[in-house]
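Swiss-Prot lists CYS13, CYS16, CYS35, CYS38 with the feature Zn(2+) binding site, giving sequence analysis as the kind of evidence. Here Swiss-Prot flags PRO119, THR120, GLY121, SER122, GLY123, LYS124, THR125, LEU126 as ATP binding site, drawing on sequence analysis. Among the features that Swiss-Prot reports, domain 'ClpX-type ZB' is placed at 1-54.
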Amino acid sequence: MSRRDTSQHHLTCSFCGKSQDEVKKLIAGPAVYICDECIELCNDIIAEEIRMEDALGPDVTKLPKPKEIKEFLDEYVIGQETAKKVLSVAVYNHYKRIERPAKPGDVEMQKSNILILGPTGSGKTLLAQTLARMLKVPFAIADATNLTEAGYVGEDVENIILSLLQAADYDVERAQKGIVYIDEIDKIARKAESPSLTRDVSGEGVQQALLKIIEGTVASIPPKGGRKHPQQEFLKVDTSNILFICGGAFAGLDGVIQQRIGKKTLGFGADVKKKLEKKAGELLLQVTPEDLLKYGYIPEFIGRLPMLASLTELDEDALVQILTEPKNALTKQYQKLFDMEGVRLRFTDGALVSIAKEALKRNTGARGLRAILEGAMLDIMYEIPSQNTVREVVISEDVIYHKERPLLVYEQSASSAVA
């Protein structure tokens, strides 16, 4: 029941009792009133409860099973079936290990950090992002090419944890159960198989620096970034339960694998050349730790990334599927934008195939699809908001290949077609 000051006829908040003169806003409900201060307090209580739930990380009793994780990945990532299974199992085991820590005398379970190998635009980053979104954990992306050993010009590896802290709004508990994706990890391989006597700022040195945070350490993280603010207080972050996913294209690794396979087949008198004529993507599926060692990684670094997932190159059919099938497919995003203007957007089958072929020609994989679409759609997206009579836009292969204008269906034409 609402409270009223009968002498002054002033309304009061049903929860704190303050009058309408004491608060900025008083909102009326069925026989009750609530002030802006009580609303803000309720929001703070709810936000704190949500924050506490997030800080606990994924509940093992509610943790999705590997099949459920893969089904979620299927909604956003086309193909790459084996890699999705590897990731689903690794992520499930990782968070199960966190929620059920080993007791004294128990078998200690190794951390399931993951190494993803695959060509540009095959879905490495998307897989990691989708996993983090499903599990509702903080997520950060780092570029290995920007990393150097401490004391050299470039980013310290601790900045990776700083990015994760920022994604967790500086909540250390949440950050300690987050996911980090390190891209271009192939770029920090040693340039030669034998150890160098000189300092390798971008190779073995970075591997050694990354090794500590990947395997698990208590890192001292400067909240404002390291070198420019030497006097600041440090945050202590335990990286033992952070899942690290490293990815790269690994150009040239197929040659290392091919050489190993070739040596095994030479003694059997087989047609070696024919056996070795395989696509790079197929060869990456056969990668072993020994191949990575020969490629330029130190044994300790390989040992901290026990789960290997190889992605295959995307063909034309897969790229067409990527354009249309995932929940957030590019064509669906554009159709939503046009729908906001009251216009239907349609892509012909020929247009979809043309976009896929152009991406293959550019050798950019799925990553290049957006750039191709944006180039084709720029002019029409510029014009449509100013044209009130357009009801449908049709994108054909000529729009993609020959830069022709899309077919526009106007209101009168649409009405005639219905009649």
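Just so it is clear, glycine is given a Cβ too, placed from its N, Cα and C backbone atoms.
Features per Swiss-Prot, on structure.
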residue: CYS13; record: Zn(2+) binding site; DSSP (3 states): coil
residue: CYS35; record: Zn(2+) binding site; DSSP (3 states): strand
residue: PRO119; record: ATP binding site; DSSP (3 states): coil
residue: LYS124; record: ATP binding site; DSSP (3 states): helix
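Nearest in space to CYS35 (Zn(2+) binding site), taking C-alpha to C-alpha distance over the binding-site residues PRO119, SER122, LYS124, LEU126, is LEU126.
Sitting within 8 Å of the Cβ centre of CYS13, CYS16, CYS35, CYS38, and not among those site residues for Zn(2+), are the Cβ atoms of SER14, PHE15, GLY17, LYS18, VAL23, LEU26, TYR33, ILE34, ASP36, GLU37, ILE39. Model confidence over the domain 'ClpX-type ZB' (1-54) stands at 77, taken as the mean pLDDT rounded to a whole number. In terms of local Cβ density within 10 Å, SER122 ranks first among the binding-site residues THR120, SER122, THR125.
Of the recorded residues, CYS13 (Zn(2+) binding site) and GLY123 (ATP binding site) place their C-alpha atoms 54 Å from one another. Cα-Cα distance from SER122 (ATP binding site) to CYS16 (Zn(2+) binding site): 57 Å (rounded to the nearest whole number). For CYS16 (Zn(2+) binding site), the spatially nearest entry among the binding-site residues THR120, GLY121, GLY123, LYS124, THR125 is THR125, judged by CA separation. Non-local contacts of LEU126 (ATP binding site) by the CB criterion (under 8 A, 6+ apart in sequence, same chain) comprise TYR76, VAL77, ALA366.
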